[in-house]
Amino acid sequence: LTCLNCPEMFCGKFQICRNGEKICFKKLHQRRPLSRYIRGCADTCPVGYPKEMIECCSTDKCNR
C-alpha cells in the first residue's frame with residue numbers, strides 16, 4: 001500500500017507502508033481552517049479527538 005504523507009493540501013509525497021499497515025489516513029483539526037494535514041499509514045484507523053476530521057481508506061494514494 002502507498003499513502004500520501006505531506007501536510008500540504010495538495011500533496012505529492014508518498015510513502016510505502018510497512019507490513020501490517022493496511023490503512024491510509026488523513027487528519028485535520030476542524031477549528032483551525034489553515035491547519036496542516038497529518039497523513040500517513042496505519043494498521044487501524046486512528047481515533048480522533050473532538051473537532052478532528054479523520055478519513056481512512058485502503059487503496060493506493062487514496063488519502064488526498
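Placed from the backbone N, Cα and C atoms, the Cβ positions cover glycine too.
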Selected from Cys6, Cys17: Swiss-Prot disulphide partner of Cys11: Cys6
Swiss-Prot annotation, disulfide partner among Cys3, Cys45 for Cys24: Cys3
Cβ atoms near Cys11 (disulfide bond) (within 10 Å, other residues, all chains): 17
Entries of Cys17, Cys24, Cys45 which, being disulfide-bonded residues, have CA atoms within 10 angstroms of Cys62 (disulfide bond): Cys24
Spatial neighbour of Cys11 (disulfide bond) that is closest, considering only the disulfide-bonded residues Cys3, Cys17, Cys41 and their CA atoms: Cys3
Subset of disulfide-bonded residues (Cys6, Cys17, Cys24, Cys45) lying within 10 A of Cys57 (disulfide bond), CA to CA, in sequence order: Cys24, Cys45
